[in-house]
């Protein structure tokens with residue numbers, strides 16, 4: 001009985017032990033489930049993967065065997081850790097016990113490691129574009145739409161943004177891409193190194209040490225750029241100042257983005273003996289400037305597509321606190337122009353290609369010529385709404401810029417024009433209501449007459465300050481003259497039609513007789529334009545006057561070429577016969593040609609052909625304007641010329657459009673530049689302003705009489721025509737006299 005009871009107690013004790021063990025197992029399983037559920041809810045963006053499906057590039061090997069999370073844990077601690085055997089199979093001999101496992105089994109009955117991988121979220125993996133990066137560095141920037149060019153099916157947008165005082169313009173097929181391009185150009189202007197490797201390489205550190213960024217260390221001097229040592233190497237740069245390292249480190253610890261100017265060059269002056277023209281040779285201006293001011297950065301301000309496959313770049317560089325710009329068909333050419341402008345302005349250095357010699361003493365400084373060209377083209381772009389207007393089409397663009405001396409800071413565009421046509425003979429007017437010649441250079445000169453009349457009319461104003469604003473001052477002997485240092489510069493986008501354009505693409509030798517060019521027979525000859533067409537032909541026959549009835553019956557209306565007319569302005573002046581009653585002759589200081597030019601030949605046809613003119617009266621001279629091309633020559637524009645001419649005068653809001661075939665405005669009215677309008681303005685001035693002509697008497701009744709009243713002007717004009725004939729260059733062809741036989745009207 002006792003044995004039975006003992007065995008019963010023994011069996012009861014065993015069953016109670018098994019029950020306790022099972023309770024403990026259930027308790028451990030429930031705790032393990034709770035841990036897994038807590039982890040799954042906390043790590044929602046994570047997912048579980050088996051070893052066969054993991055991506056080693058994207059996963060983070062984590063272990064959930066321990067509840068502790070330690071900072072700066074070694075990577076080796078995060079490897080696979082199997083559960084202890086006692087935890088999953090106590091004794092290992094109870095196969096009858098079925099348990100649910102929270103994890104999959106594998107690898108011989110061991111639990112697989114729990115692998116957690118961050119989901120590839122778009123916001124976390126997509127790199128920041130230029131717009132976002134620029135906004136983070138410079139918040140609050142304003143992007144503005146500059147222009148929209150191109151056809152409707154393939155538009156080209158231009159968007160600009162101003163950063164650090166510089167305007168960056170980007171172009172693209174959409175506004176978004178143009179905006180992105182502008183942001184990229186702005187970032188390149190002040191972000192020197194896009195990644196750390198380039199920064200260390202540039203600063204002299206080929207490798208960067210491995211750094212634990214999870215440690216508690218605040219600064220990592222070994223991973224930053226090398227600090228500039230206090231200079232004991234000041235032999236090369238005697239004006240150097242050491243960098244304030246304490247200031248840099250303290251600013252870094254405060255976490256500020258720092259702009260600190262390193263005075264590496266001081267007030268160093270160039271070694272002129274080392275940079276003499278003979279030593280410079282054919283060196284690039286960018287290289288020369290870099291020797292004087294090392295470490296300069298060139299910034300691309302704009303990149304515009306003027307035409308298909310034709311781009312224009314504007315580069316800028318800041319030297320000694322001054323900004324210099326250059327433009328060109330490539331960034332390399334634009335950088336060269338900016339560097340040349342800086343060399344000339346700061347160091348008075350001209351490279352051999354820019355140094356005027358004895359044979360080139362009549363050349364205009366290249367940087368000044370480029371500035372005038374840019375002023376004219378930018379003004380035309382502004383008036384045509386970024387070249388989007390239908391009237392932006394042109395084959396030739398001309399403009400006159402007024403300066404005080406050669407200071408481009410005070411330069412002002414006063415007139416603009418475009419056009420390449422002349423009127424048809426059937427539209428000729430005997431009342432002075434049409435503009436006969438609508439070529440850009442000629443229209444620019446007529447617009448300049450409009451400007452001169454406006455300046456003279458200021459002397460009729462009742463306000464005392466108005467005469468002071470005029471470019472004219474009164475002369476004691478009578479009449480008016482230009483104020484001191486007022487200069488006018490003519491810009492033409494292509495060589496003027498006539499002899500200047502005929503020979504411009506070719507090199508002209510010093511000995512003209514040795515030239516083998518096919519047109520040497522007519523070189524320097526007077527030429528006339530083709531009616532309602534383009535191009536010129538040499539003057540034919542000795543007849544100098546056209547007849548009114550012959551033109552009406554079908555004879556071609558002959559107009560002298562632009563080259564010959566500009567040559568006459570260098571003797572007679574720009575003001576014409578009527579204004580000679582009031583002012584002294586006004587001459588051009590320079591002529592700038594955008595393309596198809598040869599400076600030597602241009603000087604010969606503009607000035608040298610009139611060397612035999614003889615002695616001229618007082619206030620008249622044989623003017624020799626300074627000549628220059630531009631660095632950024634305009635590309636050839638194939639296609640037909642537009643049948644209109646546009647003109648603008650300072651003070652006017654919009655362009656005036658003239659039909660080049662009829663010589664009148666597109667609406668049918670007379671242009672502000674026609675003879676009839678000018679004669680009325682002249683009549684209002686006559687008798688109220690002091691004149692240069694003694695005993696001028698009453699106002700003439702006819703336009704032709706007013707022109708003949710300028711006796712000195714007419715005599716110089718005849719003297720010029722005889723000089724052309726004497727040189728064997730042909731006879732100047734005049735319009736029918738009936739054109740000027742109309743009454744003056746007030």
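Cβ coordinates are placed from backbone N, Cα and C, and glycine is handled just like the others.
Annotation source Swiss-Prot lists active site, proton donor at 441, citing sequence analysis. Cβ-based neighbour count (10 Å, all protein chains) for residue 441 (active site, proton donor) stands at 25. Mapped onto three states, the DSSP output places residue 441 (active site, proton donor) in helix.
Residue environment of residue 562 (Zn(2+) binding site) contains 27 other Cβ atoms, counted within 10 Å of its Cβ in all protein chains. The Zn(2+) binding site annotation in Swiss-Prot covers 439, 497, 562, and the record cites sequence analysis as its basis.
Feature annotation from Swiss-Prot assigns domain 'DRBM 1' to 126-192; the stated evidence is sequence analysis.
DSSP places the residues of the domain 'DRBM 2' (284-348) in helix, strand and coil in these numbers: 25 helix, 27 strand, 13 coil. What Swiss-Prot records for 284-348 is domain 'DRBM 2', and it gives sequence analysis as the kind of evidence.
Feature annotation from Swiss-Prot assigns domain 'A to I editase' to 415-742; the stated evidence is sequence analysis.
Taken from Swiss-Prot, the feature region 'R-domain (ssRNA-binding)' applies to 23-35, supported by similarity to another entry.
DSSP states for the domain 'DRBM 1' (126-192), grouped as helix (H, G, I), strand (E, B) and coil, give 24 helix, 22 strand, 21 coil. A simple way to gauge crowding: the CB of residue 439 (Zn(2+) binding site) has 28 other CB atoms within 10 angstroms, across all the protein chains here. Sequence-distant contacts (6 or more apart, same chain, Cβ under 8 Å) of residue 497 (Zn(2+) binding site) comprise 420, 439, 527, 529, 534, 535, 536, 561, 562, 563. DSSP assigns residue 497 (Zn(2+) binding site) to coil in the three-state reduction, placing it in neither a helix nor a strand. Sitting within 8 Å of the Cβ centre of 439, 497, 562, and not among those site residues for Zn(2+), are the Cβ atoms of 396, 420, 437, 440, 441, 442, 496, 498, 529, 536, 561, 563, 565.
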